[in-house]
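The structure appears below as structure tokens.
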Amino acid sequence: SFVLAAMPGLEAAQSWLAVLLCCAYILALTGNCAVLLAVRLEPSLHAPMYFFLCMLAAIDLALSTSTVPRVLSFYWFGTREISFGACLLQMFLIHTLSAAESTVLLAMAVDRYVAICHPLRHAAILTNAATAKIGLAAVARAVLFFLPLPLLLLPLPFCGSRLLSHSFCLHQDVMNLACANTMPSVVYGLTAILLVMGLDAVLICLSYILILKAVLRLGAWKERLKVFSTCIAHICVVLAFYVPLIGLSVVHRFGRDLAPLVHITMGNIYILVPAVLNPIIYGVRTKQIQRRILSLI
């Protein structure tokens with residue numbers, strides 16, 4: 001088994017930290033479930049962009065649920081140990097769901113590109129069937145790329161420290177505790193990240209370069225701002241996902257000498273911030289979602 005990391009120097013305040021974490025988790029559950037219900041009940045939201053938003057909400061629900069309850073049990077009840085099998089399963093879920101979210105964000109960027117640059121072909125290109133296939137492809141791609149990660153760790157011996165750097169299991173964190181050659185795991189993990197999250201980030205940037213070129217060809221500034229404003233929510237969601245991801249990667253790669261509190265905090269931000277912010281961003285930017293949620297309340 002492995003030992004989950006505690007907040008150093010804040011042991012006396014762990015119960016209060018757990019309350020804050022629990023409130024953030026409840027907010028994530030409530031917001032994402034509200035988005036799913038609003039899109040389900042509002043016929044005007046039955047469009048590819050909002051179907052992708054539902055996929056995003058479902059992924060955020062699964063990602064936060066696979067980690068936060070275990071962290072809360074650690075903070076409230078002191079159950080710091082996690083078994084090897086449970087750790088590998090949690091690690092697989094975190095990386096797979098993150099990869100699926102990255103793919104859905106790319107699909108949403110392509111949806112914005114087609115809607116702005118080829119509006120007359122939008123309905124023909126992004127049909128409901130095509131949207132469903134993209135969702136299945138996102139899950140299949142994530143599983144295909146990240147299933148080998150726990151399989152590569154499975155035969156390794158762990159004979160030294162069992163203390164993790166986070167309150168949950170991540171591939172690089174677990175891999176660093178192995179007392180054997182981890183080069184195949186290092187190479188494959190880096191390759192998978194670059195081919196999934198890295199490639200998706202490049203393609204999202206490319207989509208927005210093409211969108212900006214199309215917007216700048218419009219006549220009046222007022223019309224340009226109106227068209228580009230349809231992308232603001234998606235840009236905010238992309239930043240909410242990739243900024244914590246990049247921050248966590250930088251901390252793992254270059255922050256070995258940083259305080260353990262930094263590692264734990266960055267890990268919690270990576271897990272919770274997108275799940276909390278995504279429904280708020282789209283709830284603020286989308287009038288139909290606002291009206292439907294208010295009517296449900």
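Using N, Cα and C of the backbone, Cβ positions are placed for all residues, glycine too.
Residues or ranges marked as domain 'G-protein coupled receptors family 1 profile' by TrEMBL: 31-282.
Among the features that TrEMBL reports, transmembrane segment is placed at 16-38 (among others).
Here the transmembrane segment (50-72) has long-range neighbours at 4, 18, 21-22, 25, 28-29, 32-33, 35-36, 39-40, 82, 90, 93-94, 97-98, 100-101, 104-105, 107-108, 111, 128, 131-132, 134-135, 138, 167-168, 237, 268, 271-272, 274-275, 278-279, 282, meaning same-chain residues at least 6 beyond its ends whose C-beta is under 8 angstroms from one of its own. Annotation comment: TrEMBL describes 50-72 (among others) as transmembrane segment.
Residues or ranges marked as transmembrane segment in TrEMBL: 92-114 (among others). Listed as Cβ neighbours of the transmembrane segment (92-114) (distance under 8 Å, sequence separation of 6 or more from its ends, same chain) are residues 48-49, 52-53, 55-56, 59-60, 62-63, 66-67, 121-122, 125-126, 134-135, 137-139, 141-143, 145-147, 149-150, 168-171, 192, 196-197, 200-201, 203-204, 207-208, 210-211, 230-231, 234, 237-238, 241, 245, 271, 274.
Summarising the annotation, TrEMBL assigns transmembrane segment to 134-158 (among others).
Residues or ranges marked as transmembrane segment by TrEMBL: 186-211 (among others). Remote same-chain partners of the transmembrane segment (186-211), defined as residues 6 or more beyond its termini with a Cβ less than 8 Å from a stretch Cβ, comprise 95, 98-99, 102-103, 105-106, 109-110, 112-113, 116-117, 141-142, 145-146, 148-149, 152, 171-172, 175, 228, 231, 235, 238, 242, 245, 249.
As annotated by TrEMBL, transmembrane segment applies to 232-255 (among others).
Annotation comment: TrEMBL describes 261-284 (among others) as transmembrane segment.
Counting Cβ pairs under 8 Å that are 6 or more residues apart, the transmembrane segment (16-38) and the transmembrane segment (261-284) reach 3 or more and are in contact.
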